[in-house]
């Protein structure tokens, strides 16, 4: 009994020591009003992602407490009305509060350092004033910071830099100074700009004209490590960069470090044209299959053109050296390497109500025609796809008439067995490619009923194809029996 009492007291102390405050409906708004900046997590106790976030959230809360930034949480299984009021649809949902009316979604990763970095940026103005007394501390305030150096009367440069900072404040810390002595000490001519970072060579100096677009491009390129690491926290950033990504698969940290050292000159040479990154083959080796590499044969190298989802695997029998990979990358950038395309065979017959797409006929069926084309991207193992199948077949039958089939194609593609140019986030994904606007497909987000899909095609297709009203299905009436003699 004494042991239980001691344990209970210990765990109570641990809970009390938490820097994450749990709020309820009766104190949530008052807490938000009393604190200038709050990050709120809306969670459910049974949620696996919430459990994974918990220690990261606690660590961030302890660090951010020193900066007067509060981290709180709300249990949506107990506070359903409060969660509904703030539009919570999944768990965990993170929102940034600057008072009850100024609410924005959290836009960072669910790791302690990302939480700290993101919220630190939110606490500062878009551009912080930097002086000789604060410059060294500001340089290391985050992994990446940008400091502009311009004269006090240079309004044009000030406005340009502030405009960029307002647009990218979630991504970077921005500072500015009009101290000419500081600029001289940094080897910068006014107006000038330096990006300071905690990796690679430590800083990059902006050398272009002080133009907003040029500054944004500089920030994107200079803030990316010469050779980073692909993982759950960095993948989306690489995909959003717009640059091709060169993957280096290796099983051990020592191997990845060695390959990074070997290929670093190439990364430096092609900086701004292609990103290089290592990837843990033990943890994420299955991703090699998505790049048309043979899973299990390590080390391996491949390039992905992220904007077109094209894959360029390097021969897995060849050595990964600066010379060999350098030649491969040069050929890739010169357009001399053909993409590897994973495709099922083109069907010998495609006369059914739903046209089967494979990678090799994708352009013919979807792009190079004057039809509105509805495409279901599916996976054979997907339960939702299996449930949709009979309805999708029925939809295809409705557009199978000679008149309508000239205007609309109902099609499907196994996105696990065929390379498609579209980035697919889940299954099933349904997109409409309107005639004359094939480069602007419309994503379908409605319910998966035949009626709603018909309406979607009519409203978003270029041809506005109209179906004849379907005759109602009447229940069968039993045949009357003759009375017995």
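Each residue, glycine too, has its Cβ placed from N, Cα and C.
As recorded in TrEMBL, the features of this protein are as follows:
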SIGNAL    1-17  signal peptide
DOMAIN    4-124  domain 'Thioredoxin'
DISULFID  47-50  disulfide bond
DOMAIN    332-462  domain 'Thioredoxin'
DISULFID  382-385  disulfide bond
REGION    461-485  region 'Disordered'
Residue 47 (disulfide bond): tally of other CB atoms within 10 A of its CB: 15
Residue 50 (disulfide bond) and residue 385 (disulfide bond), distance between Cα atoms, whole Å: 28
Fewest-neighbour residue among disulfide-bonded residues, criterion Cβ within 10 Å, set 50, 382, 385: 382
DSSP helix/strand/coil residue counts for the domain 'Thioredoxin' (332-462): 42 helix, 25 strand, 64 coil
Local backbone state of residue 50 (disulfide bond), from DSSP in three classes: helix
Residue 382 (disulfide bond) versus residue 50 (disulfide bond) - Cα distance in angstrom: 25
PLDDT averaged over the residues of the domain 'Thioredoxin' (4-124): 87
Between residue 382 (disulfide bond) and residue 47 (disulfide bond), the C-alpha gap once rounded to whole angstrom: 22
